[in-house]
Amino acid sequence: MEGQTGWKLRHIFRNKKVNQVDDHENSSPKEIDEVNFDFNVIRNDKPADYAQLEIFHRAASPIMLLGQCFAVMPLTAIWQANPRFVKFRFKSVQMLITLLFMAASLVLNLSMMKFLVKIGITAKNFVGLVFYTCVQCACILFIDLARHWPPLIRYWTRVELIFNKPPYEVLKRSLSQRVRLSALIIIGCSIVEHALYQTSAVISYTRQAEFCSKFPNSTMGGVSFENYIVMNYSYVFQVLSYNRFVGAYILLVAGTSTFIWNYMDLFIMMISKALAYRFEQISDRVRRLQNEERVPESTFIEIREHYVRMCQLLERVDNALSSIILLSCANNLYFVCVQLLNIFNKFRWPINYIYYWYSMLYLVCRTACVFLTAATINDESKSALAVLRRVSSKNWCVEVERLIFQMSTQTVALSGKKFYFLTRKLLFGMAGTIVTYELVLLQFDEPNRRKGLQPLCA
């Protein structure tokens, strides 16, 4: 999008006003902050009350603050209403928490790797290693994003101030409602998924221990926390020896890793909701012009200027976020295939079926929601086209033609390092890829499924 968009913005928009905007936006963040200390659109504007504005920073800050409790996005002053106070510091409590978690999860990752080398790698026991590796990579990418976040969120807020004043209106569902509701749904569903996983593991262990302990030669002791941890996380004890603190440490790291694993998709959805909201405001303004008998050319110049600003913001966000998007898509593709493979297996206890079916449905729905939410950016950026093409001859001007051309030819969407763009077409392409991979995995796993269940006390 960088090359194509940049070329079009340089050659299509010759208007002096738009060129001035481009020069302003291409300035370094430090230079712009020094000119507009409080991000006011006009130097003479009154200082903004950020606590009352409908901006992404205010909408997302509670969710980002929650993420910091789980070692994600190590930023300081994220709770401040004014994004000017948001900073990234290596010497901070947030960064210390992130580094401690990464060190703790690295121990589990290396333990899993050593264990797999010892017993041999298969498609099913490889899942844990992929999971912890994805979480480690996500932490590194979120640290890199946090480094670039302060200038990005300040730039974002400057653009958003335009849409917090007339003629733009707050839409039916506010930005905060859209961002927070989607986040709460993902968090709630992920909590249920993790709770079902732990319940399935505990019930399976309890029943196995109760049944096998009846045999005189059984090496399995009674039901205890120690035996549960040693049985379900045996790979960790290739490196560490057991004690209660180690058991609590394993559960804490596993739970935090699950949160981060879900947070990648949650964060992409929040970003997508916020960007799509602003494009929807532009489309809403264009639709309201239908009822006006005479629309001056300056109105279309202003609309096009704001549309250019949003495209530049999207490109800047995409440059910062595209690595996380690439990791998230690869992660979702792999785990959807794995869970689809698991539901064809036989299990001993009903709770196992409940967990695997819920987990599979949750993963499929979460993946679809990420793609569809991100695709709304592209949809909303083009939603005003039909109205613009019906502009009457007395209101028609070269600015309308330029705006139509930009909307219809430019790909306005988030991407995975420019390899692909998150649009509705990509969702169907990914679904086809999943079906293909799943058929291959089922063929390779056929011998294992024919063997059936292993003896319970083997």
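Backbone N, Cα and C define each Cβ position, glycine as well.
According to TrEMBL, the protein carries these features:
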{"type": "TRANSMEM", "residues": "59-81", "note": "transmembrane segment"}
{"type": "TRANSMEM", "residues": "93-113", "note": "transmembrane segment"}
{"type": "TRANSMEM", "residues": "125-146", "note": "transmembrane segment"}
{"type": "TRANSMEM", "residues": "179-197", "note": "transmembrane segment"}
{"type": "TRANSMEM", "residues": "245-264", "note": "transmembrane segment"}
{"type": "TRANSMEM", "residues": "319-341", "note": "transmembrane segment"}
{"type": "TRANSMEM", "residues": "353-375", "note": "transmembrane segment"}
{"type": "TRANSMEM", "residues": "426-444", "note": "transmembrane segment"}
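Three or more CB pairs closer than 8 A are found between the transmembrane segment (93-113) and the transmembrane segment (245-264), so contact between the two stretches is assigned (pairs 6 or more residues apart). Between the transmembrane segment (353-375) and the transmembrane segment (179-197) there are at least 3 Cβ pairs closer than 8 Å, counting only pairs 6 or more residues apart in sequence, which means the two stretches are in contact. Comparing 125-146, 179-197, 319-341, 426-444 for CB pairs under 8 angstroms to the transmembrane segment (245-264), the maximum falls on 125-146. Within the chain, the transmembrane segment (319-341) has long-range Cβ neighbours (under 8 A, six or more residues past its boundaries) at 2, 123-124, 127, 130-131, 134, 137-138, 141-142, 144-145, 148-149, 152, 261, 264-265, 267-268, 271, 356, 359-360, 363-364, 366-367, 370, 374, 414-419, 422, 430, 433-434, 437-438, 441-442, 445.
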